[in-house]
Amino acid sequence: MNALVATNRNFKLAARLLGLDSKLEKSLLIPFREIKVECTIPKDDGTLATFVGFRIQHDNARGPMKGGIRYHPEVDPDEVNALAQLMTWKTAVANIPYGGAKGGIGCNPGELSKSELERLTRVFTQKIHDLIGIHADVPAPDMGTGPQTMAWILDEYSKFHGHSPAVVTGKPIDLGGSLGRDAATGRGVLFATEALLNEHGKSISGQKFVIQGFGNVGSWAAQLIHEKGGKIVAVSDITGAIKNSKGIDIPSLLKHVKESNGVQGFRGGDSLDPNLILVEDCDILIPAALGGVINRENANEIKAKFIIEAANHPTDPEADEILSKKGVIILPDIYANSGGVTVSYFEWVQNIQGFLWDEEKVNNELKTYMSKGFKDVKGMCQTHNCDLRMGAFTLGVNRVARATVLRGWEA
């Protein structure tokens, strides 16, 4: 099932539970604006190349729109629409004053030189600079982009609007980025996992974890869970997978990954078929890679008691049903991976105030938001007698619906 169909389905179920009228439901689904621009740049060899850039701005009832910019060769408009919509509900669940957006450029960043990427980013910014802004739409990094991309957007935007550090988040620290932003999504996953386990009278210490994906989110989550005494028994990334039933030595693995660009070949564990990582024996499974990885084909084989969705929409709706019948508890993406956007909000706040927080304050504030978020989700589960995914969706949709009605925007 594609991402947009799954997201719309969850939204409609939530709208029904909340008893929203059909006009309001329809207006909440339609994106505020869809932007598509042509970006032509001279390549290093003097030839011209043209790329398509886009931005989907989904909703701004609760504040400026917020969401990543990805550079990827296969940019599926449906997926981007789904991710923009998910950002609307995610920022509402986290209770930060934003709406949702998503965008990017259809290109293969690996095939472009640094100077070509810079030219492309600047041309894209020139085309959309009057449609983004500190109080309109605040982009952030996503697949294929990073702090350097944000630095170029900031610089190009500032040529038109004056120095505006708050126009993007995920910036380098030297240009107004926040301390703790790099680890934020992984740290949020830790706090979310602690909140869920606490509810069940357990703690991280001594639990067996499997982590699929060892990029920014997976590696930070692994490091922080390891520090708290969690036992990580299997890890995978694009290069392969490894397992060690006694627990992987995470600091050694991080060192290995830095040196050889992947987990493959790590001596502190046995090699494992990456396709089987999700069905490894563990207490807690953390999918931290791509969407749609848990589906009806493998859901029956999953042995974990808890699934923490660090990736965006890793679980198909069909798998959701199979797993809930098995009694597996799933902590949904729109809550579990909201640490990144929450610390992006802290970065934006620091830029607007012109006042830098220390890392301890960033982490403490993040813990406060994640703990409160879990309580709010649980509250909706009790009110509507539903699972955690519907608890999170009803929470997010309800907050956006209330803001929409209060503004007098409902049809």
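Note: Cβ is positioned from N, Cα and C throughout, glycine not excepted.
For reference, TrEMBL has these:
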ACT_SITE  K102  active site, proton donor
BINDING   K66, K90, S344  substrate binding site
BINDING   T185, N216  NAD(+) binding site
SITE      D142  site 'Important for catalysis'
Residue among recorded positions K66, K90, K102, S344 with Cα closest to the Cα of N216 (NAD(+) binding site): S344
The one of T185, N216, S344 whose CB sees the fewest other CB atoms within 10 Å, among these binding-site residues: N216
Separation of alpha carbons, K102 (active site, proton donor) and K90 (substrate binding site) (Å): 13
Neighbour count (Cβ, 10 Å) for K102 (active site, proton donor): 28
Those residues of the chain, 6+ apart, with a Cβ under 8 Å from that of D142 (site 'Important for catalysis'): G67, G68, I69, R70, K102, G104
T185 (NAD(+) binding site) and S344 (substrate binding site), Cα-Cα, nearest whole angstrom: 10
For K66 (substrate binding site): intrachain residues, at least 6 apart, with Cβ closer than 8 Å: M87, T91, Y98, G99, G100, A101, D137, V138, A140, T169, V341, S344, Y345
Greatest inter-residue Cα distance in Å for the substrate-binding set K66, K90, S344: 13
Cβ-Cβ neighbours of K90 (substrate binding site) (radius 10 Å): 28
Env. residues of substrate site, Cβ within 8 Å of mean position of K66, K90, S344 Cβ: G67, M87, T91, A94, I96, Y98, G100, A140, S338, G340, V341, T342, Y345
